[in-house]
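Asks: One structure, as structure tokens, below. Some questions next.
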Amino acid sequence: MSIESIKAREILDSRGNPTLEVEVWTSEGMFSAKVPSGASTGIHEAFELRDGDKSRYFGYGVLNAIVNVNNLISPTLKGMRVDNQKAIDDKMIELDGTKNKSKLGSNAIVGVSMAVARAAASIKGVPLYRYISQLAGNSNIRLPVPCFNVINGGKHAGNRLPFQEFMLVPIGAPKFKEALRYGSEVYHSLKEIIKERYGLDATNVGDEGGFAPNLTSPEEALTLLVDAINHSGYQDVIKIGIDSAASEFWNPKTSKYDMDFKNIGSSHLKSSLNSGEQLMSRYLEILKKYPIAFFEDPFGEDDWENHGKITAAIGNKIQIIGDDLLCTNPERIKKAISEKTVNSLLLKINQIGTLTETIEAAKLAKEAGWGCLVSHRSGETDDHFIADLVVGLGTGEIKSGAPCRFERLSKYNRLMKIEEELEKLHRSNGNSFEYAGEEFYHF
């Protein structure tokens with residue numbers, strides 16, 4: 001089955017910002033994908049093309065990216081077989097001709113790449129996750145541990161919390177469906193605790209469905225999570241993940257971290273400025289007091305030294321995950337492997353721009369013995385591509401926000417459906433699969 005045409009249109013994401021929906025048309029029908037977008041983005045990510053026309057959507061329109069899909073990518077890929085993913089992705093990279101996909105826009109390229117994969121899975125008569133597993137050469141089909149972002153801070157919320165995400169990680173659940181139930185129950189317990197301590201208006205939610213009460217310190221947020229976990233009776237099965245998104249409060253010129261960066265004028269207050277060593281000490285204290293599963297982006301996106309130090313200190317106990325540090329970029333991943341900078345990769349398909357490169361990044365992580373956490377973006381749609389991606393790659397962990405807001409739940413609900421399909425296959429022909437559980441960081 002060959003590509004007949006490709007069309008893109010402008011739609012809105014979960015933050016009300018423009019993004020692309022891409023349609024790949026073939027003789028067998030139309031296959032589409034919707035493109036996510038981040039708020040806290042790394043400077044080393046593939047380039048997301050925006051129009052810059054302040055008279056439309058404050059400059060965030062994507063009409064130029066749409067033109068690139070319709071007028072450049074479509075005629076170039078016309079006639080190519082949809083089941084030749086690498087050739088299609090390579091052709092788009094060649095057509096773009098830049099190191100960071102800034103000519104066509106990563107948002108244009110990734111939408112096509114995702115839609116092509118859906119078309120190929122259809123002609124092969126297999127679910128998307130099975131097709132991705134074939135592309136990746138992965139036979140270890142398993143359901144991931146979900147990481148629910150239930151307290152929002154950083155750039156995702158209007159409070160003064162410096163760290164961006166505080167997550168529930170139900171590693172002790174027996175299956176994905178139960179992990180989702182555990183997360184939902186703790187989420188509702190947390191809502192009641194926040195309402196009791198901070199008032200009803202403190203239960204408003206942030207970009208990813210998590211609560212954003214007026215907290216000022218990470219320890220306040222962690223104590224709330226522990227109380228909610230204990231109240232729900234899951235103290236032995238749920239751990240906590242933290243995404244500091246430290247690049248947002250790191251000054252690379254001074255190498256200082258402003259823990260009160262959202263308080264206007266705080267940059268002049270010495271008490272809020274931390275050195276890398278001071279921030280490291282805080283992480284170590286947090287690890288002593290709370291049931292931590294991982295730290296994501298604990299330091300700035302080019303602070304290789306302190307990432308390496310924290311990995312050397314506690315990398316044998318928990319995951320140290322690189323997001324802004326690595327940007328799903330194979331070259332940066334190779335450097336981090338060589339220098340032992342982190343021990344896990346955050347995998348975002350739109351950070352690098354094609355499915356082929358995403359699979360390559362995951363393979364590098366696997367070969368290095370790293371963990372690999374598949375991730376959504378803060379600006380999401382109802383597209384659940386990453387649910388099939390995480391199962392197909394078998395990475396064992398996914399984060400898609402809180403168990404709230406449909407653009408988040410679409411991924412979790414898709415994973416429940418996949419689990420049901422795999423259970424049915426297991427009963428009928430013995431096909432094996434598993435829930436990652438406590439082995440979530442090994443794949």
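Residue positions begin at 1 at the first shown residue.
From the backbone N, Cα and C atoms, a Cβ is placed for every residue, glycine too.
The feature substrate binding site is assigned by Swiss-Prot to His156, Glu165, Glu296, Asp323, Ser375, His376, Arg377, Ser378, Lys399. Residues annotated as active site, proton donor in Swiss-Prot: Glu208. Residues annotated as Mg(2+) binding site in Swiss-Prot: Asp243, Glu296, Asp323. If you look up Swiss-Prot, you'll see Lys348 marked as active site, proton acceptor, on the strength of similarity to another entry.
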Asks: Within 10 Å of the Cβ of Glu296 (substrate binding site), how many other Cβ atoms can you find? Include all protein chains, please.
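Replies: The Cβ of Glu296 (substrate binding site) has 28 Cβ neighbours within 10 Å.
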Asks: Residues with Cβ closer than 8 Å to the Cβ of Glu208 (active site, proton donor), same chain and 6+ apart in sequence?
Replies: Asn149, Asn152, His156, Glu165, His376, Ser378, Gly401, Ala402, Arg405, Arg408
Asks: Out of the recorded positions Asp243, Asp323, Lys348, give me the one sitting nearest to Glu296 (substrate binding site) by CA distance.
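Replies: It is Asp243, whose Cα lies nearest.
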Asks: Does anything in the same chain, at least 6 positions from Arg377 (substrate binding site), have a Cβ under 8 Å from its Cβ, and if so what?
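Replies: Long-range Cβ contacts: Pro36, Ser37, Gly38, Ala39, Lys348, Asn350.
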Asks: What's the CA-CA gap between Lys399 (substrate binding site) and Asp323 (Mg(2+) binding site) in angstrom, rounded?
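Replies: Counting only the Cα atoms, the answer is 13 Å.
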Asks: Can you tell me how spread out the substrate site is, meaning the largest CA to CA distance among His156, Glu165, Glu296, Asp323, Ser375, His376, Arg377, Ser378, Lys399, in Å?
Replies: 16
Asks: Take the Cβ of the residue listed as 'active site, proton acceptor' and count every other Cβ within 10 Å, whichever protein chain it belongs to.
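Replies: There are 26 such Cβ atoms around the residue listed as 'active site, proton acceptor'.
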Asks: Among all the protein chains here, how many other CB atoms are within 10 A of the CB of Lys399 (substrate binding site)?
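Replies: The answer is 27 other Cβ atoms.
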Asks: If the Mg(2+) site is taken as the center of the Cβ atoms of Asp243, Glu296, Asp323, which further residues of that chain fall within 8 Å of it by their Cβ?
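Replies: The surrounding set, listed in chain order, is Gln164, Glu165, Ser244, Ala245, Phe295, Asp297, Ile321, Gly322, Asp324, Leu346, Leu373, Ser375.
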Asks: At the Cα level, what's the spacing in Å between Asp323 (Mg(2+) binding site) and Ser375 (substrate binding site), rounded?
Replies: 10
Asks: C-alpha of Ser375 (substrate binding site) to C-alpha of Asp243 (Mg(2+) binding site): distance in Å?
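Replies: Ser375 (substrate binding site) and Asp243 (Mg(2+) binding site) have their Cα atoms 12 Å apart.
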Asks: Are there any residues at least 6 positions away along the chain from Asp243 (Mg(2+) binding site) with a Cβ closer than 8 Å to its Cβ? List them or say none.
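Replies: Listed in sequence order, they are Asn149, Gly154, Phe163, Gln164, Glu165, Met167, Glu296, Asp297, Ile321, Asp323.
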